[in-house]
């Protein structure tokens, strides 16, 4: 029997690069993309995840786990009273006394990995792919992106499934710039991805994830292909208006 | 600030005993009971969990995670094509070549603990209580009840929440008979609990969990108080009919 894998796909840069890697290893027909709503402020991530899964021709599953966060006041959630900070993770962390940043969704990644494990096992997959990386950990801005967390979750998944399933997190020691470099080699369609925490037509450029994303493309000597695409679409729409 | 805890409550013997312990330690107003539907064949567990939470006067939350198991053919699920085996866990395991038994729901307990972690953190709790015990592990019938699994999940929860939350699983090395002995001391209302995998008016007496439950009360020199209650109700209903 051919091996199968399930990839947690948020529609962002990291998990899209991961999907490209899984497809190149297992083949598109043996890969499932799982995309999870959790009550975030906008639907752009899920729309991007759909476009990416369609690009690679992989079967996609969706879950809505928003009910679990009904009592959370995390600033990323649509019912939150808090604004999303316009600072890098490092700057936010310096002000937070070592506690997770306000965009940390309580144990979200542990929940996503567990839901992924239940689904992966049901679908006959032997591996879950997870795109946690070193910049997101950022000295504990997101403790559920640390090497220690990933190792413990892998242990829990291996033990709790009687050895049927394990976790692959190849980016856990990598920077986002390294991930983009790998993705460029694989021809990842970054113009289809979305990262910004705000749900505007154009990325805000000011939230933690926009800052992180822009730096990663800059480090690779290029402009974000998403901005190129949006600019081109805007120019085309404008040109039509002038006709 | 007073410490708070969240208890995973299925309405069965183990988690009801655990709830009694948490209430005696933290006080009823600092304890949350979390009860999760996952597409099981009947609603008796959730009804029992409600009765137990009401008995102790604790705030209760409900989640429905059934969508996650849509692709699973576990015999415990209402959409499964398999029958529930009428054997003890040990006998089933002897026939399964060391694989989890057919009533193992894929990584269910990992998922429940992760959902509990997300909710507990949102509610300001510092601990999650989980009733896994040695008889359920039963040489790997349910790998997500093993000491190794519990230790790894605790590690994942501590790491993934930046040390804000941890897992308490005081029964992990205990038998169900030991748990019942502890519960009797605490005056646990076992007549309100439900364990049977089938959803009849009366426990079937033949499924793995019925066998396990009956042995635990026998070992404590008593009959299951649930059977006494159901017999008394039946006798009362019958007496009314004769009037």
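Each residue, glycine too, has its Cβ placed from N, Cα and C.
These features come from TrEMBL:
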| type | residues | note |
| --- | --- | --- |
| BINDING | B:9, B:10, B:11, B:12, B:13, B:14, B:15, B:16, B:17, B:18, B:19 | ATP binding site |
| BINDING | B:196, B:204, B:207, B:210 | Zn(2+) binding site |
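One way to see the shell of the Zn(2+) site is to take the Cβ centroid of B:196, B:204, B:207, B:210; the remaining same-chain residues with a Cβ within 8 Å of it are B:84, B:195, B:197, B:198, B:203, B:205, B:206, B:208, B:209, B:211. Recorded residues residue B:9 (ATP binding site) and residue B:196 (Zn(2+) binding site) have their alpha carbons 15 Å apart, per Cα-Cα distance. If you count neighbouring Cβ atoms within 10 Å for each of the binding-site residues B:19, B:196, B:204, B:207, B:210, the highest count belongs to B:19. Apart from the site residues B:9, B:10, B:11, B:12, B:13, B:14, B:15, B:16, B:17, B:18, B:19, the chain places the Cβ of B:49, B:52, B:131, B:193 no farther than 8 Å from the centroid of the site's Cβ atoms, the recorded ATP location. Taking a C-beta cut-off of under 8 angstroms and a sequence separation of 6 or more, residue B:17 (ATP binding site) has the following same-chain neighbours: B:131, B:171, B:179, B:180, B:182, B:183, B:186, B:188. With every protein chain in view, the residue among the binding-site residues B:9, B:13 whose Cβ has the most Cβ partners within 10 Å turns out to be B:9. The Cα of residue B:11 (ATP binding site) lies closest to that of B:196, out of the binding-site residues B:196, B:204, B:207, B:210. Ranked by CA distance from residue B:13 (ATP binding site), the binding-site residues B:204, B:207, B:210 have B:210 at the top as the closest. If you take the Cα of residue B:204 (Zn(2+) binding site) and the Cα of residue B:15 (ATP binding site), they are about 21 angstrom apart, rounded to a whole number. Here the C-alpha separation of residue B:210 (Zn(2+) binding site) and residue B:19 (ATP binding site) works out to 21 Å. Cα-Cα distance from residue B:19 (ATP binding site) to residue B:196 (Zn(2+) binding site): 20 Å (rounded to the nearest whole number). Under the three-state DSSP scheme, residue B:19 (ATP binding site) falls in the helix class.
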